[in-house]
């Protein structure tokens, strides 16, 4: 049986769900959200940080990633392990700052909307983010961050050791202070995806879980639908690729071009519930921590090039544990509830891939968000809704178009409609 929709969204993670929710508010579009429910979606590798500045300047799992990459490059160049110079922070382009900050600003209203209209609470909390400083290397890193973002000086605050202890009494005495980002907050990453999905469903979106897209249909240079393994054929006017770490495969099927999105493994762990231990989100050069509303603390996250592997490994989990205990010694006495791994959709420049592909109609990208999918899901949904409806965009997406990559098309016989 053939199903007919205006929009089919392939991928029901936080990005696809946000797109579905924003499109559903139109009421005049017929929308399908298709998700394979495969293990390893990117939300599983997230602590739910809305760290618009923190992630833009390479903190959170970004600082772990940057230090790993820097060490690897220096080993390749010098043939031996070296100390990474943390005085050169990994700053993303201004276009990403604009993208992330606009998304962050949407969350208070979005939270009220999903709570009020759909009774879905994704636990938005205004916590701030503190980069904990242990030594001179960390301080140099923080100073260079501040030097790179003078236009955001009102959103950062230095905390000396006494101020940090007053704000976070359980932080180690080893910490010399912190750099705090006042507009960076948090949500529950799993509840956020559920909230988008349920809001979309209540607004009339048809949701197909445990369903794989197995092929893409074409009429000339236009995408006209998809084939699935268990739900049959879907005809559509627009296909949105929100397939996360699997987006390259869908792009190849739809356009003949394999966009450069690959899985980046992130291991994370969760503690038992406990009384309030952290007043805000913390990030160090070893890990990040976020205590949720139920008392559990999420500790993350590794950044590994391991393909689609989602197994957990002792050395990496132990490294996160040691980093967390170094920052908050009380955690040495806490039980771990579980650990797991998720797959972030990484792109070569760490920026998302959004919008149309040259020469192909009826197809839009919404993928490649790497470590910032939770943060930027809100603005991505808004942008894709406006792209589908051919309306003016709230920001320029030129830096995020797939054409920035010199990717040659792969010859692939398109499936006819």
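The backbone N, Cα and C atoms fix where each Cβ goes, and this holds for glycine too.
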Ranges in play 25-45, 46-66, with Swiss-Prot marking transmembrane segment at 46-66
Here the binding-site residues are 7, 15, 17; the one whose Cβ sees the most other Cβ atoms within 10 Å is 15
Cβ contacts within 10 Å for residue 11 (FAD binding site), all chains included, total 28
